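A short worksheet on the structure shown next.
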Amino acid sequence: DYTRLHATMLDGADKLRMRLHATMLDGANTRARNEYLRKGAERQPDYDSSSWARTALSLSVKRRALASYAYPLAFVNLTCIVWTVLHETATLSRSTTEMQSLDGAYSLTFSAMGFLLVFRLSRAAVRWWDCRASFGAITAGVRDFVDVFLIYTDGSRGQETARSGAADDACAWACAFVVASKAFLRGEKDGPARDELMGILSDEDRLAMSRASHPPLYALSMCRRCVRRAFCGTSSSSVEAGRRDAATAVEEASVRSELNKQCEFLALQVGALERLRSTKIPEVYVIHLRTFLLLYLMSMPFVFVNRWGWGTIPAVGAVSFALLGIEGAATECEIPFKPDHINHLKMDAYIMGCFANVSSILEWNSDRANGERRGDLLRADVVEETKIDVKNSESSS
């Protein structure tokens, strides 16, 4: 019973803490974490890319990111409707609205603008993928850090030691690093919620991390301190106190170097995400593109109303929706960290997967700390004979 075990955590002046695999894998804690993260993941549902009906015919405002270009779309089409109505109801003379001589210049402008739009969208897509790759590297790096730390602290010992305590702390702070990175990138000032780190960090540790100027680096700094505590203190070998076996010292130095490299790798990934979040595409490019895009769409009804008549309204509506939609998609994907945008990174779902992997590693470590095999190996012919005997016994019965 988790409540009963939790009551034994304090014993006089010594803190006897439960192992992380007991608190993190606890059913109630796991349900609390998954429920909180699942609510976030549900706001960013996945889609079936193989279905044309659900993509090409989608009417979802959020999936099409209509909010990012709704105002210019409405302005262009309102102008088109007003001008077309005035023209077709003979309110304006035909000579006043005659601008068909601009057709040639219009074609040249469309070619140049098409190139700008394609480049804009492609750069936004590359930025989106860079963000996804960096956050994926964070989750993968945390899994590796946890696995390596546990192997070299619990592997040959398997009992409660100072190194085991450092391993638990390091694994907990590594999990907190992932959650803190998500909150930091999304600009959540209050930091991670309690339920996100249930069974991983206490409220005291969670609040200390949230109040730091840079919560992800705070968690990563704690990980480095755990590395120092585990591999720079007294040796856990059976050598007399104060003396260290040379082979053990070399092994510890190698492990310490590997774990510090993994911490550096995680720091680089969160730094890359910070850079992508704070650096947009150069303003001059966006200004130039949007200026000529609006001019092009705004002038369409004036140029083509004599040729298309009432058909100008649906024609301009379709063209403006297509072109402004490309610019809107680029804007939507450029900095993909908001929790309520469907097209942004599904970080809650990624963290759920990361926590599931870490929980599995903790479970494997407590069950088979040394990776030993169990059970007897059988020859193939013995297995076949066993199958035949079983079939014969079943048929006779």
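Any Cβ shown, glycine's included, is placed from N, Cα and C.
Below 8 angstroms of C-beta separation, residues 91, 97, 290, 294, 297-298, 300-302, 305, 309-310, 312-313, 316-317, 320-321, 324-325, 327-328, 331-332 of the same chain, each at least six residues beyond the ends of the transmembrane segment (66-85), sit close to that stretch. Sequence annotations record features per position, and here TrEMBL assigns transmembrane segment to 66-85 (among others).
Nonlocal intrachain contacts for the transmembrane segment (105-122), taken as residues 6+ away from its ends with a CB within less than 8 angstroms of a stretch CB, comprise 281, 285-286, 288-289, 292-293, 296, 299, 303, 323, 326-327, 329-330. The feature transmembrane segment is assigned by TrEMBL to 105-122 (among others).
Packing against the transmembrane segment (284-304) from elsewhere in the chain are residues 72, 76, 79-80, 83-84, 97, 99-100, 102-103, 106, 109-110, 112-113, 116-117, 120, 312, 315-316, 319-320, 323-324, 327: each is 6 or more residues past its ends and has a CB under 8 Å from a CB in it. The transmembrane segment annotation in TrEMBL covers 284-304 (among others).
Annotation source TrEMBL lists transmembrane segment at 310-330 (among others). Tertiary proximity for the transmembrane segment (310-330) is limited to same-chain residues at least six positions away from its ends with a CB under 8 Å from its CB atoms, namely 64-66, 68-69, 72-73, 76-77, 80-81, 84, 88, 113, 117, 120-121, 123-124, 289-290, 293, 296-297, 300-301, 304, 343.
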